[in-house]
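Since the structure comes first, as structure tokens, the remarks are kept for the end.
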Amino acid sequence: MARPSLSRSNPLGFTPWPVTVITAVVYLALVVPLLVVHHVVPSAPSSSPKGLNLTEAWTDLQVLTNGFHPYNSHRNDEVHEWLLKRILELINSAPPASEYESVDEAKPDIVVFDDTQSNLTFSGRASGLGVYFESTNIMVYIRGWEEDKERWWEDPHGRPAGKGGVLVNAHYDSVSTGYGATDDGVGVVSCLQLIKYFTTPGHVPRRGLVLLFNNGEEDFLNGARVYSQHPISQLPHTFLNLEGAGAGGRATLFRSSDAEVTKPYMRAPHPFGSVLSANGFEAGLISSQTDYVVFEGDLGLRGLDVAFMEPRARYHTDEDDARHTSLDSVWHMLSAAVATTEGLVSDASGRFEGLPREDGRIASGSGPRGVWFDLFGSAFVVFELHTLFALSVTLLVVAPLVLLVTSIALNRADKMYLFRASASPEDSDGSEAVLLHGVRGFFRFPFLLVIPTAVTVGLAYLVTKFNPYIIHSSEYAVWSMMISAWVFLAWFVSRVADFARPSAFHRVYTLTWLFLVEWVLLVISTVYENKYGLAGGYFVFFAFAGTFLATWISYLELFALPRKSEYATQLALPSRRASSHGSRLGTASGEDVEDGEDEDEDDDGTTAEATETTSLLRGQRTTFANYVRVTGDYLRDDGDEPRQPNLYGHEQAWSIHLPKWVWVLQFLLTAPLVLTFVGPLALLLTSALRQTGQDGSSSLFIYIAVAALTTLLFIPLLPFIHRYTHHIPLFLLCVFAGTLIYNLVAFPFSPANRLKLFFIQEVDLDTGVNHASLSGAYPFVHDVASSLPSTAGQNITCDLDLLRPKCSWHGIPPQVVQPAEASKMKDWLSYNITRSDAEPKAQLSISGRNTRACKLVFDRPVLSFTVADSAYDPRFPHVSPDGTKEIRLWSREWGHTWTVDVEWAADTEETDEKGLRLSGRVVCLWSDGNTAGVIPALDEVRRYVPVWVGVSKLSDGLVEGSRRFEI
């Protein structure tokens, strides 16, 4: 039988150096661009595109963020007036009507609504919370050229005609401890630039466009909810929400309603995001919310949520400022907003129109759930979920059938060496057989997968126990530890297995196991797609498709082998038949001899050619004293055949017939697909979750996620890693040792990745006693509190049972109300109670000095409540099913008096007298920290905390003053 020839210097051969170099280069060639895309923001253009002015946008951001401007601050009023002024400047700077005629357009009508009339009472999604809120929203309506010219909103019963419009939303309030550059200053300046863009000739929208500058998002999405009470809210059917949950970087597509409304985002020059983030919101992995839930869930619109997502350590702190973001980040969000909005307002179809709804929500229709993801930040893929479901089901059925048919064809061709221990020669009576060792390597995969994965999971538990917050600042040290441990162990286990039982079928068996594992994962993913509408498992489909093709190629490779019977016939020569129970002098088998191995084997693992000095009995099995033991019918071993020059190591002799370059194709079908689809998800999850431990989230979860993602990313190496040289694995062993020590002992926070602690000062206005407190990761929060000058000699008490442990001390008294306004603390707020004599009802009037936010907190829930002059909307129930324990009151006026009527249940099991009683606290909030000395306890914290600590607000107010009442 002719033997195929193969040059030992084959650069694509399945030998150590080609395998090591090619796999390493492919991984680096994909990982490096993924890291660059994730961390480097595309540069803003040197000159502004037509209709935009990036210099104006950056200047606007600097003006907007020159102070804290929460809803309950005087700076917020200044921002409101500045926005109105800027909007009018942009409108007045629009070209004259003659310039529009040159592009066959008419100058659009623009209407500005300064909503200082709307209000709303509603209940929170959390049980027991009610909210009354007054609007200071600003809306800019750019009439579409396809729309009627009527001013329908001036009619109390008027409704828009024609197709629905588009809403773009950003909130102009910040938190009381952050300047709001990315949350949501970049969104605000993007909306300002959209006014400029869509009033430029050539860009006039087809559909009506509403730009909403809402106020009050940070305090419970209040601004978006009260927007529903303005007539213009009836116009939009689709929306784009611009938000910030980080402090720079790229703006990612967090979530979207469906595939149809997502497609306009494909126009973005640098799209970024994955549907997995939307599934994270649905699964509750991300606890914070945006106005998206109001527009989609409460109002019935269909839209997208685009937001900054990292770093969380700067989110809601004084580092959310213009200095810590960039013009490139502004451009990234602005360019996406322009492209998406232009796609929505130019849509001529009726796909965003639906039948009228009985629940009062917008009739925007419905679209199929979507699957979407970016490719290296340059392209964006969107398709419908049912398409993925159909493809998944098809692949689940077709792939096993293809392998089954191929196996049958191999068997009929007598070339099915897989799972075959031996073969009989042609015309044999069955008493003579040749060992094929075709089962070798089948049981390796479980060890290759389980041992490295188990160790990385163990590392996750180890780091969580000894240094749970290290990933907060050193995420790539954690990744390096996990990757180096996993790859080294996978290599070590595979090399041990290959040394003990060399097999040319390591690759095909490992691919077969991978096929089975990923088939099961695809079944699970497909079930979740169909049952729960979760599309985040789309990467499993692509990974399985690549693994299937690679596995199929391995099966097709077997057609290159000789027929088993033909091979056995050649090997089982009658002249070499041994006697039944005999011994003969022999030499040790090449599989059992290690001494002198280098003499017969080149560096690349191929065996040297036989010469006249080579032992004729090489390859025989020996027992003691070089005697071969043979029992029963003689079983010829393929190792008994003289050594072939192109045989790798001590693998089966028939393997020289297998193509030596096919592994490259198999690797390129598996690893790049996994890296392309899983790599961005790994980076996305790391960025989104690595700094959530300080918020009370589970630290173990993120480490387990890193361990699992490490397995997913490097599992394509398993069919090939036994061919690796020792250089990379030993280097990774050193990396593992260093990163393990670092991750266990290094301090987890730094000035660039600060620990966020949450401040509040609570004052009993009846007694004057106050307690300042910090909440956050323990024991760091206690150490920081103990380092403050005012806590020296105090007993700091810490409540460790809370989600965020809270440490309190007697604080420096606040000065949020000037002595001229109220000489005593109890005069900071006033209330009056009028109780019904016969029923468990009462009316409470509440007002506070130098504030426009107060609340009522009851010791037991009230059945119902109403706020004087408030609007009510059936889309927003205002009483929780289990009653209301807290009523938050917000006003656009300073020192406003709220009148609240409450009714509670009489306790029939106790005395009537006690049943008619209601007790609780009246609380007012102060949130303006712009002036030094107003909240000296906060000033002290900011001045004296370590550089690795950032300060955020714990609640709506920085200072909460309360007085008790009993009715």
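Glycine residues also receive a Cβ, built from the backbone N, Cα and C atoms like all the rest.
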Same-site Zn(2+) 2 binder from His157, His237, His270, His316, given that Swiss-Prot records Asp183, Glu218
His316
Is Ser565 placed by Swiss-Prot on the same side of the membrane that Ala497 is on?
yes
How about long-range neighbours of the transmembrane segment (701-721): same chain, 6 or more residues beyond its ends, C-beta under 8 Å?
19, 23, 445, 448-449, 452-453, 456-457, 459-461, 463-464, 471, 478-479, 482-483, 486-487, 490-491, 494, 506-508, 510-511, 514, 543, 550, 663, 666-667, 670-671, 674-675, 678-679, 681-682, 685-686, 689-690, 692-693
Would you call the transmembrane segment (664-684) and the transmembrane segment (17-37) in contact, using three or more Cβ pairs under 8 Å, pairs 6 or more apart in sequence?
yes
Cβ-based contact of the transmembrane segment (533-553) with the transmembrane segment (388-408), 3 or more pairs under 8 Å:
yes
Compared by Cα position, which of the recorded positions Asn53, Asn119, Glu218 is the closest one to His171 (Zn(2+) 1 binding site)?
Glu218
With an 8 Å cut-off on Cβ-Cβ distance and a minimum sequence separation of at least 6, pull the same-chain contacts of Glu243 (Zn(2+) 1 binding site), or say none.
Ala170, His171, Asp183, Asp184, Gly187, Phe254, Thr290, Asp291, Tyr292, Asp305, Val306, Ala307, Phe308
Env. residues of Zn(2+) 2 site, Cβ within 8 Å of mean position of Asp183, Glu218, His316 Cβ
Ser174, Val175, Gly178, Gly180, Asp184, Gly244, Tyr315, Asp320
Beyond the flanks of the transmembrane segment (442-462) by at least 6 residues, Cβ under 8 Å:
419, 481-482, 485-487, 489-490, 493-494, 497, 505-506, 509-510, 513-514, 517, 700, 703-704, 706-707, 710-711, 715, 718, 721, 740, 744
Output the single range from 388-408, 473-493, 728-748 maximising the number of Cβ pairs under 8 Å to the transmembrane segment (508-528).
388-408
In Å, rounded, how far does the Cα of Asn795 (N-linked glycosylation site) sit from the Cα of Asn119 (N-linked glycosylation site)?
45
Given the binding-site residues Asp183, Glu218, and counting only Cβ atoms in the protein chains shown, which has the most within 10 Å of its Cβ?
Asp183
